[in-house]
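Undergrad: Below is one structure. I have some questions about it.
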Amino acid sequence: MSHTNESLVSEFVLLGLSNSWELQLFFFVIFSIVYVTSVLGNVLIIVIISVDSRLNSPMYFLLSNLSFIDICQSNFATPKMLVDFFVEHKTISFEGCMTQIFLLHSFVGSEMMLLVAMAYDRFIAICKPLHYSTIMNQRLCIIFVSISWAVGILHSVSHLVFTVDLPFCGPNEVDSFFCDLPLVIELACIDTYEMEIMTLTNSGLISLSCFLALIISYTIILISVRHKSSSGSSKALSTLTAHITVVILFFGPCIYFYIWPFSRLSVDKFLSVFYTVCTPLLNPIIYSLRNEDVKSAMWKLRNHHVNS
């Protein structure tokens with residue numbers, strides 16, 4: 001990042017969630033529990049899918065990759081936030097700030113594409129069950145995962161390549177607990193209107209296009225489910241409900257941020273917490289509690305260790 005020699009800002013100050021020591025201590029306890037539960041829960045899902053042969057299917061392969069992305073997302077900013085609760089002057093280096101921006105948009109972009117792949121998997125399983133094993137083979141699943149990561153990284157690089165060249169000469173206070181791209185752009189010493197529009201277009205388009213693709217897919221699937229047998233419909237609806245819940249909770253805050261990306265309210269800071277800290281907890285909660293196969297595999301793994 002050769003441009004840093006021209007910039008007076010070598011670090012950014014993170015204002016965090018609150019100045020109250022009592023509130024910070026409360027947040028530390030709550031978010032520590034959420035963080036540990038999220039990481040362990042997603043690790044457990046990956047382990048269960050890996051060791052249980054009954055879960056050797058494309059849907060669970062994609063789910064394990066989704067859990068891996070959520071583990072990554074849990075670690076890009078949350079550990080630093082937890083440490084910063086005990087630090088009066090919360091700072092992050094310029095390089096660290098750019099790294100956070102890169103990682104966040106890589107993981108979020110990858111997860112969006114992976115959710116679309118999971119919707120396609122359910123579409124084939126429910127609407128074309130006789131061709132499922134032929135269409136959803138291991139090769140296609142690997143292609144889906146590779147495309148997801150490629151899109152996420154390219155999406156992130158397209159932001160970063162412009163952001164790192166912005167001149168930052170002060171102020172350097174970011175009103176969040178991590179380097180949020182719109183808030184960092186606002187600190188540049190030039191008119192960033194075009195950059196703001198570019199950010200809105202880039203992130204807004206990928207968010208809305210993935211969300212619309214998911215809505216259309218699940219609408220078609222739900223219509224098809226209505227014509228299935230009652231027992232098949234019940235299991236399909238249970239799986240679809242879990243997927244749709246994750247989609248709504250994941251895309252809701254994301255779309256909100258890019259409808260009003262540069263006009264922030266105080267509540268937005270706490271929506272950022274939900275988006276970056278709580279969202280990775282969705283997989284172990286929703287998929288484990290609503291999925292009979294996963295719950296059965298958990299009990300099997302537990303009983304195996306208890307009896308051994």
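Residue positions begin at 1 at the first shown residue.
Using the three backbone atoms N, Cα and C, a Cβ is placed for every residue, glycine included.
TrEMBL entries are annotated by machine, without manual review.
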Undergrad: Ranges 60-78, 174-192: which does TrEMBL label transmembrane segment?
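TA: Transmembrane segment, as annotated by TrEMBL, spans 60-78.
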Undergrad: Looking at the transmembrane segment (205-225) and the transmembrane segment (25-48), are there 3+ C-beta pairs under 8 A, with each pair at least 6 apart in sequence?
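TA: No, the stretches stay apart by this measure.
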Undergrad: Is the transmembrane segment (271-289) in contact with the transmembrane segment (25-48), using at least 3 Cβ pairs under 8 Å (sequence separation of 6 or more) as the test?
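TA: Between the transmembrane segment (25-48) and the transmembrane segment (271-289), contact is present.
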Undergrad: Could you tell me what the rest of the chain brings near the transmembrane segment (271-289), counting residues at least six beyond its ends with Cβ under 8 Å?
TA: 17, 31, 34-35, 37-42, 44-45, 63, 66-67, 70-71, 73-74, 76-78, 81, 104, 176-178, 180, 242, 245-246, 249-250, 253-254, 256-257, 295, 298
Undergrad: Looking only at the domain 'G-protein coupled receptors family 1 profile' (41-287), report the model's average pLDDT.
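TA: When the pLDDT values over the domain 'G-protein coupled receptors family 1 profile' (41-287) are averaged, the result is 86.
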